[in-house]
Amino acid sequence: MKICCIGAGYVGGPTMAMIAKQCPDIDVHVVDLNQARIDAWNSDKLPIYEPGLDEVVAEARSRNLTFSTRVDEAIAAADIIFISVNTPTKTFGIGAGRAANLEFIEKCARQIARVATGHKIVVEKSTLPVRTAEAVKRILSSAENGATFDVLSNPEFLAEGTAVEDLLSPDRVLIGGESPVAIAALANIYATWISRDRILTTNLWSSELSKLTANAFLAQRVSSINAISALCEATGADVDEVARAIGTDSRIGPKFLKSSVGFGGSCFQKDILNLVYLCEHFGLREVAAYWEQVVSMNDYQKRRFSERIVRTMFNTVSDKKIAVWGFAFKKDTNDTRESAAMYICRDLLRERARLSIYDPRVSEKQIRADLVTACSDLQGQICESDLKLIETNVTIEKDGMSAADSSHAIVVMTEWDEFKEFDFTKIYQSMQQPAFVFDGRNLLDHKKLALLGFEIHAIGKSATV
Ligand SMILES: NC(=O)C1=CN([C@@H]2O[C@H](COP(=O)(O)OP(=O)(O)OC[C@H]3O[C@@H](n4cnc5c(N)ncnc54)[C@H](O)[C@@H]3O)[C@@H](O)[C@H]2O)C=CC1
Ligand SMILES: O=C(O)[C@H]1O[C@H](OP(=O)(O)OP(=O)(O)OC[C@H]2O[C@@H](n3ccc(=O)[nH]c3=O)[C@H](O)[C@@H]2O)[C@H](O)[C@@H](O)[C@@H]1O
């Protein structure tokens, strides 16, 4: 059996590496248009950082896992073709800022239709609006070489930072489709290492919609606890205590109740906005407004955090050095897409702060590019003054201690474990007084830091002085 996966990104790469590792008899060929990304997959420095991924890729790559840009060749040879390309929010035209841009999916479907011969199973791995498979099937039905197709929906539920673990032992695998034979073919692959009772099958539309719904529910929990964090700050309650108190109710459960500066990542916001757009399309205004509030609350949480920093630091951060610890949207990944950090940094830059940013996994080039994105409008336009601020007021440091040296404040943006181990006595001595800490992840030991002299402002907590 031969598998091809179009799209060697955060999903295509790890997912196919796991299939190749678990199924040595299957040839897995991952293709992408991006030569640099493919080169990185073929090197010792993979394009994405995921704990445990290097080992999985190294084992399979020497045997049955190939990365290349030979898209036509891979499609032609494959029995099963996964489409795992990006589906970002549209930035232009109808539905701009809400609808998913399906251009890349459609291009893949057309390419498959042009190149394929015989019978192929086409699997939607990307996250898609419900009923996208209808369009995919129509495009495939125009295949030039008499090829025939089954289309399946097999959304991915891995989270970055734990991708290998999630792929090895997923809560469930979801397969939606019409053809029992095609569904069985795909289910058999997963069943090599995942127990059958965790492989759920549904119709196509339920599968497509379940993916958007799962992300909406997860993001909703974060926005819900973040909404409560604002009330905690106003009343003296502690959000971590409230989360523990409600999370022990087995009907609520303890997961996804960690209050933060706001959720980030490439998918939560994109997928909820996509859901909102779909609801509006079907005339379900109340449903759209309900889900849109999850994103609005997240924007509020980020804005609130920036404003709290400025307000606390005597209403001005102009020309003050602020150390920013962490830039990735969560720990254990180098992904910065929609990271709260880039928006907080943008707000502080516009207040004329001098930022010293440190992240153990994100490159200087990436951080600067993200700051440009954060300061740009939907069309990618950025004003001269913002560009200048990014050039003159941003320094990227190689470690957290240097970032904090002589700073007025430390802002924790990502919950990297190493931040907890820093020598805070030294850091305190090297900082301007009063030494502020704004903990956007409730990561640090606030009591210990307060004893050293820091003034701590954390999410959903009263200030610790
Ligand atoms: N990042 C994540 O953790 C998760 C993402 N998803 C979904 O999976 C999909 C992919 O996400 P990521 O892997 O994060 O995106 P990504 O942007 O990291 O990777 C997508 C890749 O597809 C390639 N591509 C686009 N059009 C192509 C074409 N016509 N031919 C060949 N290659 C093409 C791009 O060059 C890019 O390398 C999205 O729909 C996303 O919503 C689902 C679950 C988790
Ligand atoms: O479709 C996707 O892309 C994926 O989106 C999320 O995964 P991911 O975005 O990688 O990471 P999460 O662990 O869900 O975290 C998302 C954001 O929420 C934040 N978060 C998460 C949990 C929490 O309790 N509090 C909180 O602030 C994280 O810091 C991060 O910024 C989902 O968890 C995956 O199941 C899904 O496959």
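Each residue, glycine too, has its Cβ placed from N, Cα and C.
All protein chains included, CYS267 (active site, nucleophile) registers 25 other Cβ atoms within 10 Å of its own Cβ. The active site, nucleophile annotation in TrEMBL covers CYS267.
The NAD(+) binding site annotation in TrEMBL covers 7-12, ASP32, ARG37, 85-89, 126-127, GLU160, 267-270, ARG337.
The Cβ of SER259 (substrate binding site) lies under 8 Å from the Cβ of VAL222, ILE225, ASN226, ILE228, SER229, VAL239, ASP240, ALA243, ASN442, ILE459, GLY460, each on the same chain and at least six residues away in sequence. DSSP gives SER259 (substrate binding site) a coil state; it is part of no helix or strand. The substrate binding site annotation in TrEMBL covers 156-160, 211-215, ARG251, 258-264, 329-330, ARG441.
The domain 'UDP-glucose/GDP-mannose dehydrogenase C-terminal' annotation in TrEMBL covers 323-446. If you average pLDDT over the domain 'UDP-glucose/GDP-mannose dehydrogenase C-terminal' (323-446) in this model, you get 97.
Within 10 Å of the C-beta of GLY262 (substrate binding site) there are 28 other C-beta atoms, taking all protein chains into account. LEU212 (substrate binding site) counts 23 other C-beta atoms within 10 Å of its own C-beta, drawing on all protein chains shown. Checking the binding-site residues ASN86, THR89, GLU160, LEU212, GLY262, PHE329 against ligand 2, the ones whose Cβ sits under 6 Å from it are GLU160, PHE329. Within 10 Å of the Cβ of ASN215 (substrate binding site) there are 22 other Cβ atoms, across all protein chains. With respect to their backbone Cα atoms, THR89 (NAD(+) binding site) and CYS267 (active site, nucleophile) stand 9 Å from each other. When the domain 'UDP-glucose/GDP-mannose dehydrogenase C-terminal' (323-446) is classified with DSSP, helix, strand and coil residues number 50 helix, 19 strand, 55 coil.
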